[in-house]
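Features reported for this protein in TrEMBL:
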| type | residues | note |
| --- | --- | --- |
| DOMAIN | 1-440 | domain 'DUF8201' |
| TRANSMEM | 43-74 | transmembrane segment |
| TRANSMEM | 94-112 | transmembrane segment |
| TRANSMEM | 143-162 | transmembrane segment |
| TRANSMEM | 169-186 | transmembrane segment |
| TRANSMEM | 221-238 | transmembrane segment |
| TRANSMEM | 250-278 | transmembrane segment |
| TRANSMEM | 290-316 | transmembrane segment |
| TRANSMEM | 386-404 | transmembrane segment |
| TRANSMEM | 411-428 | transmembrane segment |
| TRANSMEM | 434-453 | transmembrane segment |
| TRANSMEM | 460-479 | transmembrane segment |
Amino acid sequence: MLILLLLWALLYILLLVLGEVIVLVLQRHWPGTVSPTETVLVGLIGVISVLQFVSIFFPTNFWFVAGLALLVIFINWQLANRPIRGAMTNFHKLVRQPVCWILVIVVLFYAIERPANPDSGTYHLPTIRYVERYAAIPGLGNLFSRLAFNSSFFVIGAAFGFTDLANQTLFPLNGFLLLLFGGYSIGQLQRLNLSPVLRNLQLSIVCLTLFFLIRQVNAPGTDVWATLLTLFVFLVWLDDTRNSNRFRAFLLVALVFTCLTVKLATLPILLLLPFVAYEHRHWLRWKHGIWVMILACLLIGPWLARNVILSGYLIFPFTELDLVSVDWKLAKNAVRFEQDFVTFWARFHLPETKFDPEKLTWPFARWVSWWWTHWWFWYNWPNRPTFIMAVVSPLLMASQYIYGHERLRRLLPAYIVALAGFLFWFLKAPEFRFGYAFIWIAALLPIHNLHLLQRPLPTRIATGLVGLTLIGLFVFAAVRRGNHNLNSLVDLLLIPAKLSHINSEAQTTYYDFHRTRSGLAVVVPRAPCEACLDIEQPCTPFFSDDLQLRGKTIAEGFRLTHPTIDTLAHNSIQLPPK
């Protein structure tokens, strides 16, 4: 607990100071007011860009953070301690609000628990550990194809994992960004010049965000970041008091590119770019298009390079972008399986061992009927009404357009992007956590634009509702911990629960050692589809006898001796018997 608090404070100070430097440089050309939250986001974007490039050539671990801290100390000294004074001023404003204290306590209470998401141990944590120990490993996906899912989140997660110092990998990133978003939302609710539509939308969004995402703050998954960064894009874009702010345009473009590197499910957010260009057409010139391309190269270029190194494909898992010929390229059937399994899992919620390609050919009405009746759990009951609201939202928007609501004109671009994201999510992978941001904006924006809902809630009532949501989540977590968790809260006061394969029994109880034809020793879980967690030897849930090292060490990468042959042991796909 204490270590997480220190890491969140460290992240805030580092990103704020670095963001301050970038903002000072940019404001010479693109003037505009910048909030502390936006400054932190700019610092985050800068760190992600540098880290992705560095991770291609070097391991990314706490030594990078140490160097970053020294740089921040030097920058703060050069700026006469201005960034730290600004951070303390903002901190004093927040601590005067009880709801902010409740927010920190509740997020911390959830963040110290052991991650429950099975993907955390299957490939999230192993990916982070490989980034910590090695530069980008050629053909890492040949060991286990899901290790080729590249995300900038894993790179920065490796830097702030502090595995060697804490004797376990820490996961402070999701909790940090949720705190940043919560603090930003509370500040927005207290703004007097915020439009009623945006104020009510912000209140609904922050309550939904806390309800759904707080269960994931203890895990190293990408869904929280993908959702929150996309929501930041929409909420900054919808702030109509800053339409002429040039820095706002830069921030939106940079956030869009960053979202793409975090998770491919955010791909529809790219549709925002032409709308932003049109909004700022009065000052945009051709040279600004060149700057946008340079920014894209800085943010997306290293991510694409890592994709090629890990899988042999420009964007994994899409075989259509097969533009590079390398000896470590994953077999196309393995790549197609991962692409198909994302859709299969999202529609049917069945594991790899029950993968049935025939289900993917079901007619639209058939799979939607199955999905609607099966894909629900007790804790996600609000998903049904928000989904229905998103489905009927085009009718609401059309009716408002017919009745000539002028305010619809500035909301329409954001709604179009959100609706496109909603349709992309539903047709490709309708697992709710993959598309929360698009679903919520598409569902709620038309509702809050109705004339009956144009009266904003008073500030105290709005922040009170956020506080009640947090208290409810805290009570739920406390009851669950008392009933089901044997670890007392005292045991977690210093450090959160450990996600590891190590327990009271021997490692060999759950894992076997196999050797490939090339003599490579590989650790394989005994149970089907089980996780490798923090095992740092080559480990995979699906053993392939064709696996071999490209050289003498793991750092030189993996390849298959017969890359055209795909077996269930290698890529989880059940092929018909020969």
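Just so you know, glycine gets a Cβ as well, placed from its N, Cα and C.
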### Query
Which whole-number mean pLDDT does the model give the domain 'DUF8201' (1-440)?
89
### Message
Is the transmembrane segment (169-186) in contact with the transmembrane segment (250-278), using at least 3 Cβ pairs under 8 Å (sequence separation of 6 or more) as the test?
### Response
no
### Summary
Of the listed stretches 94-112, 143-162, 386-404, 434-453, 460-479, the one with the highest count of C-beta pairs below 8 angstroms to the transmembrane segment (290-316) is 143-162
### Task
Might you confirm whether the transmembrane segment (94-112) is in contact with the transmembrane segment (460-479), defined here as three or more C-beta pairs under 8 A between residues 6 or more apart in sequence?
yes
### Message
Short question: most Cβ pairs under 8 Å with the transmembrane segment (434-453), which of 43-74, 143-162, 221-238?
### Response
221-238
#### Entry: Non-local residues, at least 6 beyond the ends, that sit with Cβ under 8 Å of the transmembrane segment (143-162)
7, 11, 47-48, 51-52, 55, 59-62, 64-65, 122-124, 126-132, 169-173, 220, 222, 225, 258, 261-263, 303, 306-307, 310-311, 316-317, 330, 334-335, 337-338, 522, 532, 538-542, 547, 558, 570-572
### Query
Any residues 6+ beyond the ends of the transmembrane segment (221-238) with a Cβ under 8 Å from its own?
38, 41, 115, 117, 119-120, 124, 151, 153-154, 173-174, 177-178, 180-181, 184, 188, 198, 201-202, 205, 209, 213, 248, 251-252, 255-256, 258-259, 262-263, 265-266, 269, 272, 276, 411, 414, 417-418, 421, 433-434, 436-438, 440-441
